[in-house]
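Going by Swiss-Prot, these are the annotated features:
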type: TRANSMEM; residues: 15-34; note: transmembrane segment
type: TRANSMEM; residues: 46-73; note: transmembrane segment
type: TRANSMEM; residues: 80-99; note: transmembrane segment
type: TRANSMEM; residues: 105-126; note: transmembrane segment
type: TRANSMEM; residues: 138-159; note: transmembrane segment
type: TRANSMEM; residues: 165-184; note: transmembrane segment
type: TRANSMEM; residues: 211-231; note: transmembrane segment
type: TRANSMEM; residues: 243-263; note: transmembrane segment
type: TRANSMEM; residues: 275-294; note: transmembrane segment
type: TRANSMEM; residues: 300-320; note: transmembrane segment
type: TRANSMEM; residues: 340-363; note: transmembrane segment
type: TRANSMEM; residues: 369-389; note: transmembrane segment
Amino acid sequence: MPDSSLSNKGISKNFKIMLVILFLMEFARGMYVLSYVNYLPTVTSIAVAVTSAALSIHFISDAATNFVIGFLLKKFGTKLVLTLGFLLAFISLFLVIWFPTNPIVIILSAIMLGIAVSPIWVIMLSSVEEAQRGKQMGYVYFAWLLGLLVGWAFMNVLVKLHPTRFAFMMSLVVVIAWVLYYFVDIKLTNYNTKPVSEQLGQIVDVMKRHLVLFPGILLQGASISALLPILPTYATKVVGVSTIEYTIAIAIGGAGCAFSMLFLSKIIDKNSKGFMYAVIFTGFILFTAFIFGLSLVTNILIVWIVAIFIGLMYGILLPAWNTFMAGQIDPAEQEETWGVFNSVQGFGSMIGPLFGGLIAQFSNGLNNTFYFSAAIFLVLAIFYGVYFVKYRGKANRF
C-alpha cells in the first residue's frame, strides 16, 4: 500500500482516503455534538443543563483520550485501536436511534464519541510529510472544518424535518468511515511496549521539552471558544440580526478559512522559517484587531466582512502554527507528542466558554468577553514575537 503521506507528485491514494475518513468522523461529530444535542431542548422535554453537560463531557473525554492515545497506538497497534474507536463511535450513535431523548444515553454517547475520534486525529497529524507540512496541514484542517460544518448544517435540515427520525444517519456515516479504513495501510514511527510508569514519565518529558509551545496551544483555543457562549446573543441583541443572518456570518467565516487552508497554506512550505514566524505574529496581531473590532460593530455587512477576513487569516495561521509546532517534535515520538498537544488544546477549548460566559454574566456586558479574547491574542503576539526575535538572533550567531 502507498505510504500515508504526500508524495512528490501530490497526495497519495492512502492519504486521500485518510482525509475522507477524518471528514466523515468529523461530519458525524458535527451532526451529533453541534446540531442534534443543541437542538433537543427546543423540541423535546430534555433540559438545557443535560445537553450542556453532554457537550462539556464530550470535549473532556476527547482531551483526556488525546493525552494517552499516542502511547496506546504504539503499544497495541493502529488496527486494534482504530477498530475499537470506530466500534465505540458506532455504538454511541446507534444508541441514540433507540433512545433519542434519554439523558443518560445523550451524555454517554457524547463521552464515547469524544474518545472514538481521538486516534484518527493523532494518526493524521503524525503521518504528514515534513517537506510539505504546511500544505498537508491545510488539507487536514480543511477536512476537519468542512466535516464539522457540513455535518452541522446537514443535521440542522434533518431535525427540522423531524427531531429524531433521522438519527440513524449519524451512525451510518461512521459505518462508511469504518469500511474505508480497511482500504488504507497506516504505519507509525515505531512500536513499543513500554510500561505505564515509563509512559507517564515520557508524557512529563514531552511537556517539559515543549513548554514554549503551551501558551499558544492552550490560549488560542481558549480565546476563540470564549466567544462561543456570547456570539448568538451578540448577533441577535446587539447587531439585531436573524438566526439565518448569523448563520451566514459563520458560513462566510468558514468559507474564508477553507479557501485559505486549501490554497494559501501551501506558501508556508515555499518560504523560510522567518516567513512562517511573520505569519504567526501577524496572525495574532490581526486577530487582536478583528476581535476587538467586533465589539464596535453593529452593522451586519461589516460583520460579514470581518468574518471573511478572520476566516482567511485563521486558515493560514493554523497551518503555520502547526508547522512551527511540528518543527519542535522528535520524529520518533510524533504520536505521543501530538496526542499531548491535542489534549492541551482541548483543555483550552473547554475553559474558554467557561471564562467567556462568566465574564459576560458578572460584568453585565458582552463587550468584555471580546476584550478578554482580544487581549489573549495580544499577549500571544508579544510572547511569540519576542521568542522569534531571540531565536533568530541565536541562529544568526551560529
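Here the Cβ of each residue, glycine as well, is placed from N, Cα and C on the backbone.
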Inset, instruction - Select the range from 46-73, 138-159, 211-231, 275-294 that forms the most Cβ-Cβ pairs under 8 Å with the transmembrane segment (165-184). - result: 138-159
Legend entry - Spatial neighbours of the transmembrane segment (369-389) far in sequence, C-beta under 8 Å, 6+ residues away: 212, 215-216, 219-220, 222-224, 226-227, 229-230, 277, 280-281, 284-285, 287-289, 291-292, 294-295, 355-356, 359-360
Legend entry - Winner by Cβ pairs under 8 Å against the transmembrane segment (46-73), considering only 105-126, 138-159, 243-263, 275-294: 105-126
Legend entry - Winner by Cβ pairs under 8 Å against the transmembrane segment (138-159), considering only 105-126, 243-263, 275-294, 300-320: 243-263
Legend entry - Most Cβ pairs under 8 Å with the transmembrane segment (243-263), selected from 105-126, 211-231, 275-294, 300-320: 300-320
Legend entry - Close approaches to the transmembrane segment (15-34) from elsewhere in its chain (Cβ under 8 angstroms; 6 or more beyond its ends): 2, 4-6, 55, 58, 89, 93, 96, 109-110, 113, 116-117, 120-121, 123-124, 127, 136, 139-140, 143-144, 146-152, 154-155, 169-171, 173-174, 176-177, 180-181, 183-184, 186
